[in-house]
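Asks: Heads up, here are the entries from TrEMBL:
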type	residues	note
BINDING	I130, N154	substrate binding site
BINDING	R209, I210, D229, P264, L265, T266, D267, K268, N290, D316, H340, I341, S342, G343	NAD(+) binding site
DOMAIN	74-368	domain 'D-isomer specific 2-hydroxyacid dehydrogenase catalytic'
DOMAIN	164-342	domain 'D-isomer specific 2-hydroxyacid dehydrogenase NAD-binding'
SITE	R292	site 'Important for catalytic activity'
SITE	H340	site 'Important for catalytic activity'
Amino acid sequence: MAMKRVATSAAGALASPPGSFGSSSALIRHLHASPGSKKIVGVFYKANEYASMNPNFVGCVEGALGIRDWLTSQGHQYIVTDDKEGPDSELEKHIPDLHVLISTPFHPAYVTAERIKKAKNLQLLLTAGIGSDHIDLNAAAAAGLTVAEVTGSNVVSVAEDELMRILILVRNFLPGYHQAVTGDWNVAGIAYRAYDLEGKTVGTVGAGRIGRLLLQRLKPFNCNLLYHDRLKMDPELENQTGAKFEEDLDAMLPKCDIIVVNMPLTDKTRGMFNKERIAKMKKGVLIVNNARGAIMDTQAVADACSSGHIGGYSGDVWYPQPAPKDHPWRYMPNHAMTPHISGTTIDAQLRYAAGVKDMLERYFKGEEFPPQHYIVKEGKLASQYQ
């Protein structure tokens, strides 16, 4: 059945194809969603005055994924908050007795090993969206928790956003916008570093669902497309996009005019773009990162933007989130940063809200989730997090 706890950790899980799980010798004891009321806590960003402006704005505290009436009508307790940090936060008050915690990558509830230890009733951690790195996945696996996300729910949203950011950087759009707003008019101040995208070499570091969609969308621009990933794409898809596989990341980076980061945050990828790796890139390289902020060395990026080695940096992911007011990326030159918005379009919200409801229904019935949604199952981590 869907909800199971294990007595031992997932140490030694083996790598396997994307979305699959390594083997584990963990002793498993089965736990089903027992009858009766469940305490479900959702952590989302607060919309305030914007909440009433769109009836489909469900991804916020006020919208509560559109499942409040459904849950309460079945006798469950549903608590929604944006207050997630510190020992006196609203979330912390409910940790000891909640059964299900729902969070999003856009306003993540950081589920540490300490919180997992306190959460004696916790069975299920759901991510409304894609990317569950806000959870200590090894601790979740050791505790026998199920971790799942709505795989595929916002891949189109993020890929479209990446393409937009590439064009914003290549065309040096932001200085022109600022001129329009401030009443200035200085064509040279924009044109001296504005280029066409056609003919440029674009490399994606990671070619999963989002990376592949980005490559498909870039093909009409007649770019030279490269990709680095643990696995080669299907030959048919490779031919369709015209993208070339680069097994050696460090060999690919110097070839690229534009680099897009499309990989999950894991122990292996945390901080992987450090000062040394950035130095291997072309001078003036443009970087788009909608994956996770912690994949980058924060200060190394800021320093390289200041020196001009990075010609432009854009993304919507920071570490931590929300980003503090003194985060160096707010003040570095030639950036086009935003809050974490790419995967929370209204269309994406409706998709991941529906996905969360579907998994909760399955949880209440003791049914399995769609296999691709599992991040931790029966003490084992999905291959992309190993």
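Numbers run from 1 along the shown chain.
Every residue, even glycine, has its Cβ placed from backbone N, Cα and C.
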Asks: Looking only at C-alpha atoms, tell me how far R209 (NAD(+) binding site) is from N154 (substrate binding site), rounded to the nearest Å.
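Replies: Pair distance, Cα basis, whole Å: 10 Å.
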Asks: Write down the Cα-Cα distance for I130 (substrate binding site) and N290 (NAD(+) binding site), rounded and given in Å.
Replies: 12
Asks: If one looks at the chain holding R292 (site 'Important for catalytic activity'), which residues at least 6 apart in sequence have a CB under 8 angstroms from its CB?
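Replies: G131, D133, P264, L265, T269, V317, Y319 - these are the non-local Cβ neighbours of R292 (site 'Important for catalytic activity'), listed in sequence order.
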Asks: Just checking: which of D229, D267, H340, S342 have a Cα that is within 10 Å of the Cα of N154 (substrate binding site), counting only these binding-site residues?
Replies: S342
Asks: Per 10 Å Cβ neighbour count, which of the binding-site residues D229, D267 ranks highest?
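Replies: Selected residue: D229.
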Asks: Let me check the 10 A CB neighbour count of I130 (substrate binding site). How many other CB atoms are there?
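Replies: Step by step: centre on the Cβ of I130 (substrate binding site), count other Cβ atoms within 10 Å, giving 24.
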Asks: What is the average pLDDT across the domain 'D-isomer specific 2-hydroxyacid dehydrogenase catalytic' (74-368)?
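Replies: Taking every residue of the domain 'D-isomer specific 2-hydroxyacid dehydrogenase catalytic' (74-368) together, the mean pLDDT is 97.
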Asks: How big is the Cα-to-Cα gap, in Å, between I130 (substrate binding site) and H340 (NAD(+) binding site)?
Replies: 12
Asks: Just to be sure I understand the packing, how many Cβ atoms besides its own are within 10 Å of the Cβ of R209 (NAD(+) binding site)?
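Replies: The Cβ of R209 (NAD(+) binding site) has 20 Cβ neighbours within 10 Å.
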Asks: Across all chains shown, how many C-beta atoms besides its own are within 10 angstroms of the C-beta of H340 (NAD(+) binding site)?
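Replies: Its Cβ shell of radius 10 Å holds 23 other Cβ atoms.
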Asks: So the record assigns R209, I210, D229, P264, L265, T266, D267, K268, N290, D316, H340, I341, S342, G343 to NAD(+). If I measure every Cα pair among those residues, what is the longest distance in angstrom, as a whole number?
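Replies: The widest Cα-Cα gap among those binding residues is 25 Å.
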Asks: Check each residue in the chain of S342 (NAD(+) binding site) that is at least six apart in sequence and keep those whose C-beta is under 8 Å from its C-beta; list them in sequence order.
Replies: N154, S157, V158, D161, E162, N290, D316
